[in-house]
Amino acid sequence: MLSHAPLHHSVSYCRCRLRRILFLLACPAHRRLCTASEPSPDPSDLWIAKIVSTIFRLAPTPAAAEPRLSPLRPVLSPSVVLAALRRLRDPLSALGLFYLSRSDLGVVHLPQAFTFLISCLCRSGLQDVALKLFDEMASEGHTVDGSFVEFLANSCIEAGKFDLATGFLAAVSKYGYRLQAYTFNKLLTLLVREERVSDAVLLLRQHLGFQFLSIDTCSFNILIKGLSRVGDMDTALEVFNQMQSFGYVPDIITYNILIDGLCRADQVNNGHKILQKVRSDSASVPNVVTYTSVISGYCKIGKMEEAYQVFDEMIGAGIKPSRITYNVLINGYGKMGNMPSAISLYERMLVCGCPPDVVTFTSLIDGYCRSGLLNDAMKLWDEMNQRELKPNAYTFSVVIHCLCRKNKVGDARNLLKVLNGRRDVVPRAFIYNPVIHGLCKVGNIDEANSVLLEMEERSCTPDKYTYTILIIGHCMKGRMFEAIAIFQKMVNSGCTPDSITVDSLISCLLKAGIPHEINKIKSFASGRGSNFEIPNLQDIHSSIGKSMDISVAI
């Protein structure tokens, strides 16, 4: 807090400087300078500005500053006040001086004073205040160039104040400004990113046909992509049709987005029809992305003949398949168990000079594993390593699952150790779960606990399947209190147990002759916000004779 002595000395100093400045102002040359339009501040102007800003800064309120500034009224030119505003670091304080000098001291502000304050307010996150000041500026007849309007709109958009930005866009037309498409598209992009796709669509429809706003093909592409991402293909098609009705020409990006969205929404036939339409009567030429989207759509629903037919059409059109195209087809054939076709495409890929990547090998390995051909899968694993392609998390998961299904838990455990040595792979619970399941199945509970510990050391969060497998595994070995401890750990971690977890644990507790632990489990879970149903004891008693099946957990 400022003491009275510094304030007294500051005011005395300002008075001394003021006497000297008033003397200088007696010069006719200086009077002519003050009346000139937007003069460049001379040293005396800068001293006055320094005095004004100091007085205003030391005053407790703007009202308290007014009587101290009144003696300076004769020398308060617009350029002096502008210089004083620039000396105040706090934009709200500068705004207070702006209004005080205008209303009580009779200063007619320069346009630069408005734009300076508006810029400062925007940089401080006060876009709502800045827009009000912009309205005042426009109402006083001041104009700015389009770039400043763009800056103001972009400031609102980048701050995430979308409602403020849309309101500004609606109002700016009355001032005669024309915003560039870039600004409008930026607003649409951020609305889509914030999952306000419907608001983005409404905004575009409201401004279609307005001359003050530039809308281009990219504007529609942003909306169609956003709608496709949320699966609203009906509205995406409406926007696409509306685009053409207003005279905007779709480009190949528009078609690619629309076709990909339709194929992802299991409307592959419609996507294929649009591809055929583009080929026959559009100014745009389909590219590898266009064809690959349709191929991927057919592979996704298992229609491999149709997928390969589109692949042939692409080759016939002189378009070279990309690695993604090959990977999509190989993955599709692998999932259908048609490994000869998958390998044939892989070999064709090599002949055409398209190097495979980890996705290629993962798809092939997955295909062999689905067909039960573990040896062939491991040969590809070795080939991948020879090519110095590092397996990713999904490659490890596919092989580990297959090894565990073949009861080769030891090999799977060794592979898991290799994974733990890879710091570039983010571990996931679904990779560890089959190994834990396999170890519990053969009664090696201690090793299963070790795997859980490794997961936690790698910051891999166990899921409900991990905990359920371990709970059932411990119960099967008669380690009931350890099973209860794992259950408590599960609830404490925020992982909600499902009916399989609860039914299995309670059944085992009843079998072990310790039913009193059931209420403890219920009380423990309820105290931590878990809302699961304790099953009817009669139903549990009827199932006690049935053998526990750990496989229900995964």
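Note that the numbers count up from 1, one per residue, in the order the chain is shown.
Each residue, glycine too, has its Cβ placed from N, Cα and C.
Per TrEMBL, repeat 'PPR' is recorded for 110-144 (among others). Sequence-distant contacts of the repeat 'PPR' (110-144) (same chain, at least 6 residues past either end, Cβ-Cβ under 8 Å): 38, 78-79, 81-82, 85-86, 91-92, 94-95, 98, 151-152, 155-156, 159, 161, 164, 167-168, 171, 175.
Per TrEMBL, the feature repeat 'PPR' maps to 216-250 (among others). Counting only same-chain residues 6+ beyond the ends of the repeat 'PPR' (216-250), those with a CB under 8 A from a CB of the stretch are 181, 184-185, 188-189, 192, 195, 197, 200-201, 204-205, 208-209, 257-258, 260-262, 264-265, 267, 282-284.
According to TrEMBL, the repeat 'PPR' annotation covers 251-285 (among others). Residues of the repeat 'PPR' (251-285) grouped by DSSP class, helix first, strand second and coil last, total 27 helix, 0 strand, 8 coil.
Marked as repeat 'PPR' by TrEMBL: 287-321 (among others). Sequence-distant contacts of the repeat 'PPR' (287-321) (same chain, at least 6 residues past either end, Cβ-Cβ under 8 Å): 252, 255-256, 259-260, 262-264, 266, 268, 271-272, 275, 278-279, 328-329, 331-333, 335-336, 338, 341, 352, 354.
Within the same chain, residues 288, 291-292, 295-296, 298-300, 302, 304, 307-308, 311, 314, 363-364, 366-368, 370-371, 373, 376, 387, 389 sit at least 6 positions outside the repeat 'PPR' (322-356) and bring their C-beta atoms closer than 8 Å to a C-beta of that stretch. TrEMBL lists 322-356 (among others) with the feature repeat 'PPR'.
Counting residue by residue with DSSP, the repeat 'PPR' (357-391) contains 26 helix, 0 strand, 9 coil. Residues or ranges marked as repeat 'PPR' by TrEMBL: 357-391 (among others).
According to TrEMBL, the repeat 'PPR' annotation covers 428-462 (among others). A Cβ distance under 8 Å defines the sequence-distant neighbours of the repeat 'PPR' (428-462), meaning residues of its chain 6+ beyond its ends; these are 393, 396-397, 400-401, 404-405, 407, 409, 412-413, 416, 419-420, 469-470, 472-474, 476-477, 479, 490, 493, 495, 550-551, 553-554.
Secondary structure counts, DSSP: the repeat 'PPR' (463-497) has 26 helix, 0 strand, 9 coil. Annotated repeat 'PPR' per TrEMBL: 463-497 (among others), in sequence order.
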